[in-house]
Every structure is written in structure tokens, then in C-alpha cells.
Amino acid sequence: MNFKFRARSNPNPSDRENKRTIDLENGSEIIYFPRFIPYDDSCKLLHYLDKEIPWTRPSIHVFGRSCIQPRDTCYVASERLPELRYSGYQPHAYSWDDYPPLKDLLAAVHEALPGSSFNSLLLNRYKSGSDYVAWHSDGEKLYGPTPEIASLSFGCDREFFLRKKPSKTAKVQIPSTSCVEEPANKRLKRSNQVDQHSLTLKHGSLLVMKGYTQRDWVHSVPKRAKIEAVRINLTFRRVL
């Protein structure tokens, strides 16, 4: 497929309007750009990502048992970085040069987030509402104590839930690949409003998690039975 996406040095302000910042307190913060990538470019990128990325749906080990990860995945990283491994699975690290549009998206994210320096990208494809990611935090040691994670979404709108960890278990890591899911709405109702947030991640949007968000909060994208369309999510991270 011959498709080239080029980040624009002077984007139309309307493409990134309505920026929303949520102060989670105690050094945690999220920023949401509902229209980070223009609609037409987002549609082309969705098609490119869906057809050209070498997706795989691996078998993983969670809580002593084997299961199939409930979404497709792919991993891109700069050379000579520590290998990524989670739940007994080690993905192959593809090069940025293998997929030029991903390099351009990286440049666009860097431009929007001064001071950021991402060097890895974890891609996930949710084929329908049956695919999901359970409650988890991305607090692996290779990302450091205060990782900045930038998450681009293309395709179907999906709900994103954020919930504060109980203080007594603030350092407990919940596997991001868990095959056992508790409905997000049910979990949210157990907390007060200050300790929970929700967003609808739209086509072409950018969500940024900063500071101690991974230490003190967990997030999820729950199942939605009536959704049949695909969603593709790109999470840019810095491996130390």
C-alpha cells in the first residue's frame, strides 16, 4: 500500500481544539486532544494500520494459566533497547524504518509534547467490542518511575476508564493482559467521583498520561457487546 502521512509543522488549530487537562493530584495528570489528527488523515491511517501492520494475537500466561490475549498487538522500537516481555510473551521488535507513517506520527506527537522523547511503540487492534484491555497500569520498571505515555486512537470510539488505586495497594501492578475482566462500570461505582474518570477516545484523538499516573491509577477499555467496528490504538513510550 503506497500511503505517506506527513506531520504538518503548522497544523490547523481546529485539529487540536478543545484540549482538556485533568489534574489527578499528587503529581498525576492526563491531557486529552479530541481531534489531534485531522479526520481525513485519520481515516487513511486507520486503513494503513489495519492492513499493513503485522498483527498477532499471542498466547499469554496470567495468574498461572494460559489464555489468548483479547486484542491483536505489534511492537516497534528503536535499536539496542531492552527487550519487552510481559505475561510470558516477548514480542518481536520491528524497526521504525519498516513503517514510515509511524515515524511521522512519532514526529507529530513529539512536536505536540515539547520535551518528550519516545523510543518505542506498542500497537493494539480491537477488532470489535468483544476485544478489550482489563484494569491495569503501565508501571513496568523499564519505563522509569514517572513514565509519560501518549496514546493515539483510530477507528471506533471506545470508552476509557481511569480509577485510583486503593492507597494500601498503590504499588501493586495489575497485569495489563489479564484475561479475566470485571465490568468497568461496576468497578467505578465502588469509588467516589474524585477517584474515577472516564473519556470517550475518538477517531484521531490523543491521550497523554503523565507524572505518577501509572503508580497511583489503573485504566481500562472494557468490552462493549454492540460494537462491531475496529479500533486501533498506538501507545508511545520511552524505554530507559
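The backbone N, Cα and C atoms fix where each Cβ goes, and this holds for glycine too.
TrEMBL lists 1-20 with the feature region 'Disordered'. Annotation source TrEMBL lists substrate binding site at PHE63, GLY64, ARG65. Under the heading domain 'Fe2OG dioxygenase', TrEMBL lists 117-240. The annotation 2-oxoglutarate binding site is assigned in TrEMBL to ASN124, TYR126, HIS136, HIS219, ARG231, THR235, ARG237.
Close to HIS219 (2-oxoglutarate binding site) in the fold, though at least 6 residues off in sequence, lie TRP135, HIS136, SER137, PHE160, PHE161, LEU162, ARG163, MET209, each with a CB less than 8 Å from its CB. The average per-residue pLDDT of the prediction over the domain 'Fe2OG dioxygenase' (117-240) is 86, rounded to a whole number. With respect to their backbone Cα atoms, GLY64 (substrate binding site) and TYR126 (2-oxoglutarate binding site) stand 25 Å from each other. Rounded to a whole number, the distance between the Cα atoms of ARG65 (substrate binding site) and TYR126 (2-oxoglutarate binding site) is 23 Å. Cβ-based neighbour count (10 Å, all protein chains) for HIS136 (2-oxoglutarate binding site) stands at 16. Between the alpha carbons (Cα) of ARG231 (2-oxoglutarate binding site) and PHE63 (substrate binding site) lies a span of roughly 27 Å.
Each of HIS61, VAL62, SER66 belongs to the same chain as PHE63, GLY64, ARG65, is absent from that list, and has a C-beta within 8 angstroms of the C-beta centroid marking the substrate site. Here the Cα atom of THR235 (2-oxoglutarate binding site) is found 25 Å from that of PHE63 (substrate binding site). Residue pair ASN124 (2-oxoglutarate binding site) / PHE63 (substrate binding site) shows a Cα separation of 22 Å. Ranking the binding-site residues ASN124, THR235 by how many Cβ atoms sit within 10 Å of each one's Cβ puts ASN124 at the top. Of the residues the record lists as binding 2-oxoglutarate, namely ASN124, TYR126, HIS136, HIS219, ARG231, THR235, ARG237, the two whose Cα atoms sit farthest apart are 20 Å from each other.
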